[in-house]
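As structure tokens, the structure follows; a few thoughts come after it.
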């Protein structure tokens, strides 16, 4: 009643004279209150009922599950598909392979769809048998040290925990990996094995693609045996030759509001003008370059140190994390493509998916201009894959050039050899192919449909957030080389970063970036000894590690032995962070600094040679000090040679056989005491 504006009424005070008045008052109030309560109840009832009718209850059963569009089973039934190709993709290649397989299906009277496992509930796999002639294919890339790609993490977690009965499921797996890495194709192998354990039926053997060799050839070889196995299993036949089917239709915008046109944003329109956290792959932060200095004193290469300002971004990072940057293609390459194809690159257009049910409405953000697409969204510098050559062949007016393109796209031994030599080994990108085939002039919109997306580049962060909370440091070397055709090819990201000169007021020094978490972490206890091996730009994360240990020491913490094995070509040419390392050593944070100069003497000296030289001390740190080992840099040679050196040291001082030593090092890896941050 207080809320009704009658705080002064005291119900304990009454007199006989006022009884009738009170009775009258309360009877009036009773009526008022009853009316009010009835009104409120009626309003609540209808409002409540209306609310309850909105949700589709079956979709609300799994409260904790991430929001997904729909069941892929229902989508397949609705659109008449019977083959679903899931992809676990970090750089876009697995997604590309999945799209190619789903397009292949029509040749066999089947209908396929490529699907991102992140967008669907994979427990629905148990229902796939409800669809006639159904099949699930998995193109699964392995990322880092045997990890799933970001978009396949939920699927991987589900597989580990699932006890589903998948006995009605027919499947096949193609894995994408790299033999230079310790856990070659771990994700593909795991998915293949786990699906069988859950009762699913494998209809074709696991394919293992190796990016250190020729991933495209591995895929084509697997694919040409996969489809006959599908035909045999389902009793179907190929209906004809592979044909060119456009996936997107071109819409040219002649009268468009330029505020609605994408100019390089990765996700939300105008996200670069109006920045909103959190920042990630689909919403990168535009960081200002505050420092860009050359690290090396001489030599042909350009090694650089960049600092990105992340003030006010709410971005947090830890030593050992990676920074991803979205580069832009060289404008001269973009202009040359436009000139060769006789196109106005500033034409604003959209490529719209002809499959209205597809989750992927456009191959890249649309509407946009051809110039923006070729600059920010499409990969124009890597050699194109065979499916691109096949689709482009129809546009070559010269019979010889058309035949050459079709041959390179075929699965014949001669065609594979020609593709390997003329495209891969010669490092011919799309511009070089157009230049060397004068009759090949495809429509630019079809070319834009076929080219893969330009991917973010990852760099090991060369700073500690304890010391530099508002900046992220990058250490990189510009990539530049001459091809067999005499052309000068330049690395997209490193040459783009090289030109990011600190600028007080312009946008020329802005870098779209985000942070990707890593497993490459300092020991939990600062007192744990560390052995770091990082030649060349592999030193990057260790600069962050040492910075952090120096900070911990300043805080009064006991810091364990911090040992670095670094390598470069020549002492007076490319000894990176020389002054910083000398200072850390002087301060007593860096307890050992071992540097291998590979070309300063007749015989080459590498980091593994210094490890052998100090083998007794190395073993003591591992065995008695329980040291953590960190290796960063080249996976193909250095990481392997270093690992073999550790096998030798463990075998000699631990009195173990070679197999026992290998097992010992593998156990260090399992326990998190031997970590790798490598690339090939």
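Each residue, glycine too, has its Cβ placed from N, Cα and C.
Unlike curated records, TrEMBL annotations are generated automatically.
Looking up the ranges 3-24, 25-46 in TrEMBL, the one annotated as transmembrane segment turns out to be 25-46. Break the domain 'Flavodoxin-like' (83-227) down by DSSP state and the numbers are 65 helix, 35 strand, 45 coil. Confidence for the domain 'FAD-binding FR-type' (282-523), expressed as mean pLDDT, is 95.
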